[in-house]
């Protein structure tokens, strides 16, 4: 017995030591990654200082205040040099990331690209424009981490198609921005590079998963950024940070060599696909970016992208629009200020001569639980859990990860126990513990069919009302950091258009007022239950923060979506 006890104690001690060594190894990798980033920041700060010593007469504030269209004009005519613009934005980005922790890494090869564009025969549409890109968009020689330790050792071997096209259009990718761990969160925090903060209020989140982009652009450190969206990851940071952001139809822009978790996006067939899109300070910037990207280079480098150039005539049209609208999807009631601005925008559009038609999206409870969440957790979350192997889970994701770890039998028992609360769970699903899975290939194919059937139903209702576009709410204002992880399914307003694969964009139209804050105190949601109260806590203290609306069009009609966004932007600025 004593020998057995000694063996047992020795084995236990060995396991403890083994786990300690594993954690120590993870900590060492994270420390090395942070050190590499910090060294890159120091080198860039030194390069900016050297430039300032050589060129002391740069009007920094003037350059930073120029809208993208005006800046491109000045660069094209030669009244501003690409080098001056690049170093002005590098300097500002250093300042913004010091305050918000929005950058994952500077791209030192931006100097090489600066030299390259000066050798190009023709100036592209984005000639000399500094562009920031989200962490997982592939850039040769750099990491694509997704906030995961397991991805720290592998450098990207080739530029993504989108980065190649940006460069051929004369743009200068200069920074990669921070993301939440695994990208599956609309906060912006990971154990390696930490929490990114909202530049307008450091107690608030910039949104996610393109949160680093949101913070950098809103803080003035970038004039144009590229994010990605699979549930609202462009639109939510745009809403939280007061930016314009566009989620195009999937495959309108190439996703080749863009990495999502541990799999190539382009080789991962899914009925709810990831899409890349632009983020900027105004709608014209988004339109210019789309026009630049939808070129022959894009179509040749990625033959799966339909060769549809940007339709300037549709975007520039002044014909009245027939606009469907709604202020709630009936699933997760949004704060009063978000519904207020839908009604105000509706009134402004109607006064401007557009026709406004009430519209109600069908069966959002079904879409949320049976279509969207089931797509990502068809296997009970096992593939998602695999990406955390040999990693430390960020606190903002622990509740979801722990739910996925519950064995199948445990989930079935939990579902049985909670059956009396089934209606409440469907109304306001807190986590993924009770989501049904696809137990066979046949069930998976049936799930895909259900999504296609819903798209058909939605389009039929759209056409029945003869709509051009739809105006609707988006989640906001900015949540206090840490809260997005507690309210995964509050994203129904954006998630719907990922399931449908419709182009959708966000435009800031107002700010939170004292009256909005008073109305929030009366907010009860559907049931005044713990989830409604959590949302109330998440958005409290937001006076002065941006408030936005969402604009939607049918698939492949990005120009029409941008047209409505431009109209909304113009009317809100006039007001």
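The backbone N, Cα and C atoms fix where each Cβ goes, glycine too.
TrEMBL annotations:
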- 85-562: domain 'Amidase' (DOMAIN)
- 134: active site, charge relay system (ACT_SITE)
- 183, 209, 230, 231, 232, 233: substrate binding site (BINDING)
- 209: active site, charge relay system (ACT_SITE)
- 233: active site, acyl-ester intermediate (ACT_SITE)
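Reported as a whole number, the C-alpha separation between residue 134 (active site, charge relay system) and residue 209 (substrate binding site) equals 9 Å. In sequence order, 184, 186, 208, 210, 228, 229, 234, 236, 274 are the same-chain residues whose CB sits within 8 A of the CB centroid of 183, 209, 230, 231, 232, 233, the residues recorded for substrate being left out. Each of the binding-site residues 231, 232 was scored by other CB atoms within 10 A of its CB, and the lowest score goes to 231. A simple way to gauge crowding: the CB of residue 233 (substrate binding site) has 33 other CB atoms within 10 angstroms, across all the protein chains here. Other Cβ atoms within 10 Å of the Cβ of residue 209 (substrate binding site) number 34 in total over all chains. Take 183, 209, 230, 231, 232, 233, the residues named in the record as contacts for substrate: the widest Cα to Cα gap among them comes to 11 Å. Within 10 Å of the C-beta of residue 134 (active site, charge relay system) we count 28 further C-beta atoms, all protein chains included.
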